[in-house]
Amino acid sequence: MTKLRKIIHIDMDYFFAQVEEKANPSLKDKPFAVGGTNPKRGVISTCNYIAREYGVRSAMPTAIAMQKCPNLILLNTDFAKYKAASAVIRDIFYSFTDKVEPLSLDEAYLDVTDVKEYKNSATLIAQAIKQEIFNKTGLTGSAGVAPNKLLAKIASDINKPNGLYVITPEQVDSFVKDLPVKKLFGVGKVSQEKLKTMNVETCLDLQQLSLATLLDKFGKFGNNLYSYARGIDNREVNPVRIRKSVSVENTYLEDLKTLNACLEKLPSLYDKLTSRMTEEHYKSIVGIVVKFTDTKFNKTSLTRVAKTLDKEAIKSLIIELYQKQNHPIRLIGIGVKLGEVEDRQMKLF
């Protein structure tokens, strides 16, 4: 019989904004956002919950955010501050278990299956972790507890902020039935729209499709869909998780017709990229990359060997790549290559 696992997913609440709020308590009762300080061309990185009540959201253009909330306070990002808080939180995770898989500065998976303390209760362990984080940093996070990574991550988002949601093995079947397929790991807009054309919007709908049908429509990803729809996820929490790259990209509603228009998108992309990187990522950078997709859906990219993440170096790549374009730009992606340099044509996307 397979041993049931006990997985916790911790996701810090509005992390950048909460760190700023802790550093400056006068912000606590005011709507504010981090990033996007250029009112005309900026993009919001994150915001506090008061700002969200006005409809402000992450990745929203600052101009739109200011329309929704004219009194919105805009703060520059301070990654040194966020990394310092993240390091404290990471140490707390490791004080409970060695099986920690960091995903970014503000979230991680923990496998507490073999933790004997707290009566071997994942729920009690999650509560203790949340309390320890608050005691040492004054910050709150939300936790999801479940038999696997898929469900733990979904659960951590249910009772935000400062929430805890538990899915026991006995509750898995009933929980997934009404779960929207868009919540499943790996299901993006394209897959979601494709499933919608097949009259699939919930996991119960997805369960009606055979494995053969899913493999035919989605290739190898069909295996994942078949399992995820049933609340099955055999991915391990990998404490030595090796990533070959970290990258971000954005598709723009209005085509970027000039070089300046492309360069104006760099600050928000750069902030988004750095927010996804951990201290370990910074230590293992071996290259940087820029990718474009134009209005004809032609994809081009440039890579350079590099030891550090340098905004000016990425800017020069954008300029060089743009000069090779014949059509307006629809998508821009930037990223870093991690590990050993295999060749000059490093593929991140």
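Placed from the backbone N, Cα and C atoms, the Cβ positions cover glycine too.
What Swiss-Prot says about this protein:
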DOMAIN    7-188  domain 'UmuC'
BINDING   D11, D106  Mg(2+) binding site
SITE      F16  site 'Substrate discrimination'
ACT_SITE  E107  active site
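Under the three-state DSSP scheme, F16 (site 'Substrate discrimination') falls in the helix class.
Ranked by Cβ neighbours within 10 A across all protein chains shown, the recorded positions D106, E107 are led by D106.
In the predicted model, the domain 'UmuC' (7-188) shows an average pLDDT of 95. DSSP assigns D11 (Mg(2+) binding site) to a strand in the three-state reduction.
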